[in-house]
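Read through the structure below, which is laid out as structure tokens, and then see the notes.
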Amino acid sequence: MKQTTINHSVELVGIGLHKGVPVKLVLEPLGENQGIVFYRSDLGVKLPLKPENIVDTKMATVLGKDNARISTIEHLLSAVHAYGIDNLKISVDNEEIPIMDGSALTYCMLLDEAGIKELDAPKKVMEIKQAIEIREGDKFVKIEPDSQLSLNFTIDFNHPVIAKQAHHFVFSKTAYKEQVAKARTFGFLQEVNYLRSIGLAKGGSLNNCIVLDENSILNKEGLRCEKEFVCHKILDAMGDLMVLGMPVMGKYTSFSGSHKLNSMLVKAILADAKNYEVLIATDPAKEFALQKAFA
């Protein structure tokens, strides 16, 4: 297996979720061993995707460096992870990645348009070697060794529409596009009203978010799938795990996890070299195993 980038540049314009202003997003190819690099084109600031550059995880995963910030990176990164892209330049002219329809579907379509190009260098994959768990009250995220990437997520909301949902997702690009990519972000009307009162969620609408009142979904079209709520959490987790800098082989499990816990998990993995091994696809046996895991 070889490292990849996109075949040619692509771009789109969309609205930022919190500021509600138009944002131009440009994806450009990068050479081998460059990784995922964000760029604020309006400020001329480069923001490499590294755990130490994650500066906020309250409402979204936020990248920051030299007084420049880029918020809501997780949906795009989730698609990048699913497509196995190792090297990519992501430029925006404002401080948010466009929310689009609230899922990763638009970004999958954009990557399909860009095409995937193999580079000369061998692909690197992180294999988890021992279990790591992060807890906050009854909430937790955990990752442990496995020969593939799987995500097991459970959510439990005191709401009649959501209640308790669980989904076990074994990664493949096809399964991601069928089960996960279309799952939209969601929020509660009371929270949306509060966020707007403090100058946030200005770009949020029924076109890019599932909104719930006390008893029901306000979106007339309803849900895209029965487990859309928990599948969106899996979408987010795949984006947050991309901060590791490469695809990961491991069994991820979460109960009511969050961007904050995912970020803490990423940092905990990298804090001790005994937690992981970087596999380089140079010998046939490893290459076969990696191809099977990331089909």
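In case you wondered, yes, glycine gets a Cβ from its N, Cα and C as well.
According to Swiss-Prot, the protein carries these features:
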- H259: active site, proton donor (ACT_SITE)
- H75, H232, D236: Zn(2+) binding site (BINDING)
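Positions of the features from Swiss-Prot, shown on the structure.
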{"residue": "H75", "record": "Zn(2+) binding site", "Cβ contacts under 8 Å, 6 or more apart": "I97, I99, M100, G102, S103, A104, Y107, T185, L235, D236, G239"}
{"residue": "H232", "record": "Zn(2+) binding site", "Cβ contacts under 8 Å, 6 or more apart": "S103, A183, R184, T185, F186"}
{"residue": "H259", "record": "active site, proton donor", "Cβ contacts under 8 Å, 6 or more apart": "T57, K58, A60, T61, E74, D236, D240"}
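In three-state terms derived from DSSP, D236 (Zn(2+) binding site) belongs to a helical segment. Secondary structure at H75 (Zn(2+) binding site), taken from DSSP and collapsed to helix, strand or coil, is helix. Cβ atoms within 8 Å of the centroid of the Cβ atoms of H75, H232, D236 (the Zn(2+) site) belong to the same-chain residues E74, S78, S103, A104, A183, T185, K233, I234, L235, G239, site residues excluded. H259 (active site, proton donor) carries a helical DSSP state (H, G or I).
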